[in-house]
Amino acid sequence: MDFNARMGFLLFLCFLSLLVQPNTSTLQTYIIQLHPHGLITSVFDSKLQWHLSFLEQSLSAEEDSSSRLLYSYSNAMEGFAAQLSETELEYLKRLPDVVAVREDRKYQIQTTYSHKFLGLSVGTQGLRQKSSMGQGAIVGVLDTGVWPESPSFSDSKMPPVPQKWRGACQEGQDFNSSNCNRKLIGAKFFIKGHHVASSLPSDVAQEYVSPRDSHGHGTHTSSTAAGASVADASVFGNGAGVAQGMAPGAHIAVYKVCWFSGCYSSDIVAAMDSAIRDGVDILSLSLGGFPLPFFDDSIAIGSFRAMQHGISVVCAAGNNGPIQSSVANVAPWITTIGAGTLDRRFPAIIRLSNGEAIYGESMYPGNKFKQATKELEVVYLTGGQMGGELCLKGSLPREKVQGKMVVCDRGVNGRSEKGQIVKESGGAAMILANSEINLEEDLVDVHVLPATLIGFAEANRLKAYINTTSNPKARIQFGGTVIGRSRAPSVAQFSSRGPSLSNPSTLKPDVIAPGVNIIAAWPQNLGPTGLPEDSRRSNFTVMSGTSMACPHVSGITALIHSAHPKWTPAAIKSAIMTTADVTDHFGKQILDGNKPADVFAMGAGHVNPTKAIDPGLVYDIKPYEYIIHLCALGYTHSEIFIITHMNVSCHKILQMNKGFTLNYPSISVIFKHGTTSKMVSRRLTNVGSTNSIYEVKVTAPEGVRVRVKPRRLVFKHVNQSLNYKVWFMSEKGKEGRKVRFTEGDLTWIHCENSKYKVRSPIVVTWKN
């Protein structure tokens with residue numbers, strides 16, 4: 001008997017058993033864990049098909065088993081989540097390879113769910129309570145402006161504006177001083193650089209010449225950092241719950257520097273200059289480009305000055321991953337943020353007419369419209385010169401796509417824009433297909449028509465189905481919001497990677513933070529896709545990018561600043577880095593695609609705000625030490641002056657500071673040709689408790705011997721600083737090896753209070 005016949009026989013037996021014992025009980029959701037090396041996995045084309053086969057055996061023959069599947073897992077565990085009756089569950093439990101069955105636990109879904117994912121508890125012991133939810137801190141956001149009427153900027157229960165605030169609410173087009181309040185305490189716009197560098201195209205709607213947001217990006221990032229709590233928030237029902245920024249008690253000052261053609265450095269420097277004068281505590285810049293030398297980087301230069309004034313500067317690492325050495329904003333006085341994922345998904349599964357299922361994700365509110373789940377003919381237009389496979393404007397002949405589900409490859413134009421082009425061409429639905437560059441990355445959008453995005457492997461399956469089927473048809477099943485069932489965090493595919501081209505002596509990015517499918521505030525003048533044709537309106541939408549990760553850390557920085565107002569920017573950064581997580585919520589290594597993430601992808605790890613507020617020890621850096629560092633890097637007198645506005649003699653400085661290494665929380669060692677040993681020094685300051693003793697634990701990078709002296713640090717009082725040195729010795733023959741870098745870590749552990757674990761990632765690079 002072949003496999004299909006055996007499966008048919010099993011289904012027949014199942015059907016008979018269900019006829020004898022009718023399914024009258026209500027359905028409940030269960031998580032079914034399977035043996036990772038199941039007996040019959042090899043007979044299926046995909047894990048998803050294997051998972052569905054268990055449902056096919058458990059349900060009645062006329063029941064669509066795929067409609068019961070909520071989620072398919074293959075990383076954190078092998079198995080799936082499905083809705084079953086008690087009778088079906090009892091039958092399924094007895095099937096081979098079923099390891100365990102667990103009733104689904106109820107989660108309180110949060111719209112800006114990242115604050116809950118990060119452990120920012122609302123309980124009395126939470127980080128927010130220790131920091132008064134960020135009260136007193138002022139976060140300055142350089143971006144596209146703000147939509148002040150958004151409920152995320154309500155000042156209900158906010159304390160008065162801090163006395164130190166010297167900013168203003170600049171009036172302009174559709175924006176006056178009454179648009180500011182105790183939450184949004186300042187708003188300015190900087191347009192001169194943009195104005196002289198560009199002219200407005202006739203087909204582009206006029207932007208607001210004011211702090212008002214025409215694009216949505218600035219509203220989104222500002223609310224992520226410090227937005228007020230908003231109940232009953234959602235994007236057309238998806239991600240429903242309470243929306244809240246990282247530091248809901250902090251104040252926001254907005255500096256509009258980005259316009260339709262981009263963000264000009266002249267405007268950026270002007271805004272930074274104003275922000276320093278105004279009295280912000282944190283500067284959040286979800287901006288940047290390609291790596292530049294510090295002396296040629298306006299953000300690096302402006303942020304050096306901000307740092308000197310005690311202002312923490314937090315910047316996005318860039319969205320040019322997974323390309324190596326693509327990380328931007330790498331000055332050591334900047335906190336550089338890469339992007340990670342959440343364990344929240346928005347399943348939108350494609351059900352093919354042959355019974356197969358292809359997993360996808362979408363925030364199109366399809367479960368509200370019956371028409372959205374209708375079975376349609378699937379078309380994929382290839383071979384032409386018009387870009388039909390990419391769904392470019394003018395590439396989809398109406399006679400070929402009218403009323404059909406159109407497959408669009410990612411690339412060239414925007415994801416939501418492809419959907420609009422499909423809609424204008426008469427298409428009824430869209431499947432966005434990842435390319436080999438995007439792999440299995442799931443970025444959701446609030447599409448203008450029924451649509452879902454699928455990974456690269458699933459895209460290949462779909463295209464094979466289309467090519468081998470005479471009349472390919474499919475429907476999309478929208479599954480709403482699912483939380484807690486997927487492995488996270490992992491590194492976002494698009495997140496820019498190290499090592500830094502301009503400064504490989506400092507490991508960048510510093511940390512990663514939530515940056516994929518982040519829901520936050522949105523202007524009422526825009527549809528949730530941001531497309532001019534999108535007439536829908538919502539107070540919230542979803543976005544992805546290191547632009548979204550950056551304000552998460554800006555808000556967390558505000559929380560720490562509020563709890564420890566005397567800490568320097570370097571101390572706050574150290575607290576964030578040395579307490580970062582290197583394992584996911586299942587206790588396994590953080591992944592980058594299907595492999596463990598390395599230090600160039602995630603830096604010190606994924607931000608853990610609950611630990612960061614009480615790190616035990618910090619690596620502090622005095623502003624003058626950055627100048628010694630620049631001298632050690634070989635920057636010239638004139639280049640250092642450009643960055644610091646200080647006249648220095650590097651010859652004298654290096655003579656006085658022999659063997660100097662920057663007191664950075666991570667350690668990057670470079671063995672140039674012929675070098676086999678290096679020594680670095682570090683200084684730790686006790687911010688924990690008196691009479692604290694720490695012992696060191698080292699995981700040596702492969703091919704390197706590591707020696708630390710002393711191996712024990714005894715702190716007698718708070719704010720005491722102690723030094724230690726680390727020697728790195730390259731093993732013979734490693735210089736010419738193919739693997740150019742290895743990594744490890746160095747952790748100081750409190751002898752009595754093991755909650756204090758002060759970890760520094762180590763990366764060793766051989767340069768031939």
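Quick reminder: no glycine exception, Cβ is built from N, Cα and C everywhere.
A TrEMBL annotation is a machine prediction, not a hand-curated record.
Feature annotations, reproduced from TrEMBL:
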type     : residues : note
ACT_SITE : D143     : active site, charge relay system
ACT_SITE : H217     : active site, charge relay system
ACT_SITE : S547     : active site, charge relay system
DOMAIN   : 29-109   : domain 'Inhibitor I9'
DOMAIN   : 134-587  : domain 'Peptidase S8/S53'
DOMAIN   : 378-462  : domain 'PA'
DOMAIN   : 662-764  : domain 'Subtilisin-like protease fibronectin type-III'
SIGNAL   : 1-22     : signal peptide
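Each residue of the domain 'Subtilisin-like protease fibronectin type-III' (662-764) gets a DSSP state, and the totals for helix, strand and coil are 0 helix, 62 strand, 41 coil.
Counting every protein chain shown, 22 other Cβ atoms lie within 10 Å of the Cβ of H217 (active site, charge relay system). When averaged over the domain 'PA' (378-462), pLDDT in the model lands at 92.
Per-class residue totals from DSSP over the domain 'PA' (378-462), listed helix then strand then coil: 24 helix, 18 strand, 43 coil.
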